[in-house]
Amino acid sequence: MTYRNFLSLSDAGADGIAAMLADAIDRKRARAGQPKGAVDADAPLAGRTLAMVFEKNSTRTRVSFEMAIRQLGGSAVVLDAATSQLGRGETVADTARVLSGYCDAIMVRTDDHAKLLEMAQYATVPVINGLTDDSHPCQIMADLQTILESGKALPGLKVAWLGDGNNVLASIVEAAGLMHFDVVAACPQSFALPEEAMAMGKGRARTVNDPVEAVAGADVVVTDTWISMGQAHADVKLAALAPYQVTEALMAQASPDAKFLHCLPAHRGEEVTDAVIDGPQSLIWPEAENRLHAQKAVLRWCFGQIG
Ligand code: CP
Ligand code: NVA
């Protein structure tokens, strides 16, 4: 079987991403109003099964992928570390070989990015990155879809990131380099994204310390939890990030038509106030829903049906 892995946005490149976004927007529109569990008329992945391996918690990624493969005509199997043999030390490589015998694709959510790469190395079916400590490309596909649906174009867009230099920021920066938009990340020095990850922005991403400098004139303002999964709750980190909270006052410095995005789950009152996340500029609910639509396109791309 010819297949493609979606381990990073660069695996798809600008053309692949553009094709997936167009497909996601079209298919979402085409099935509007149907029951969520109804299979798309063309059932393009009929008979295909997706294995989902979770070594970290998830609400959106788990449910949106399960519904995505269902709407495409296929089905999903979920494994988590605690109840599978992975949790008892079976290797990722052996798991990859076994799952490839049962399923047509594997989605992995794990901590160490090297485990995702190992899964892809030993699997003989497409492997999809459902989040690692280094990146979260599926999330950014949904974010880009949400931005396009808000009427904004990607080239020349100005995105402001506030807070922790984490896996979600890393994928936004990668997207900026591929899709030609600009990212200004306001992060405390000690929690900035490493230079190597910023370099994925190919000159379109920079880090500043001042939150106001980052949001000035921004078209999109994005933040995420200050403590990611697997990180210890550290008072020192929360204190360093406090000045980076997205407030109405900060949003007022952005473009008047600026949109607010957050991958969720949110820690209301930490990285963002209720007034912003529930306010008129917030697109968090369409953003969350678009995980479903964007991942349908990712699945189809992995099987060579688009791009
Ligand atoms: N945004 C996101 O990936 O959410 P989950 O952790 O709930 O999957
Ligand atoms: N940065 C967050 C994203 C959660 C979807 C984490 O890794 O926990």
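In case you wondered, yes, glycine gets a Cβ from its N, Cα and C as well.
All TrEMBL annotations are machine predictions without curation.
TrEMBL lists D224, S228, M229 as binding L-ornithine, and of N167, N290 the one it places in that same site is N167. R291 is the only one of R31, R97, R291 that TrEMBL places in the carbamoyl phosphate site (with S58, T59, R60, T61, Q85, R109, H136, P137, C138, Q139, C263, L264).
Of the listed binding-site residues, namely S58, Q85, N167, S228, the sparsest CB environment within 10 A is found at Q85. Residues S228, C263, taken from the binding-site residues R60, Q85, C138, S228, C263, are distinguished by a CB atom under 6 angstroms from ligand 2. Close to ligand 1, meaning a Cβ under 6 Å from one of its atoms, are these of the binding-site residues S58, R60, S228: S58, R60. N167 (L-ornithine binding site) is 17 Å away from R291 (carbamoyl phosphate binding site) when you measure Cα to Cα.
In sequence order, R60, H136, Q139, D143, V168, D224, E287 are the residues near C263 (carbamoyl phosphate binding site), counting only same-chain partners six or more apart with C-beta under 8 A. Ranked by how many other Cβ atoms sit within 10 Å of their Cβ, the binding-site residues R60, H136 place R60 at the bottom.
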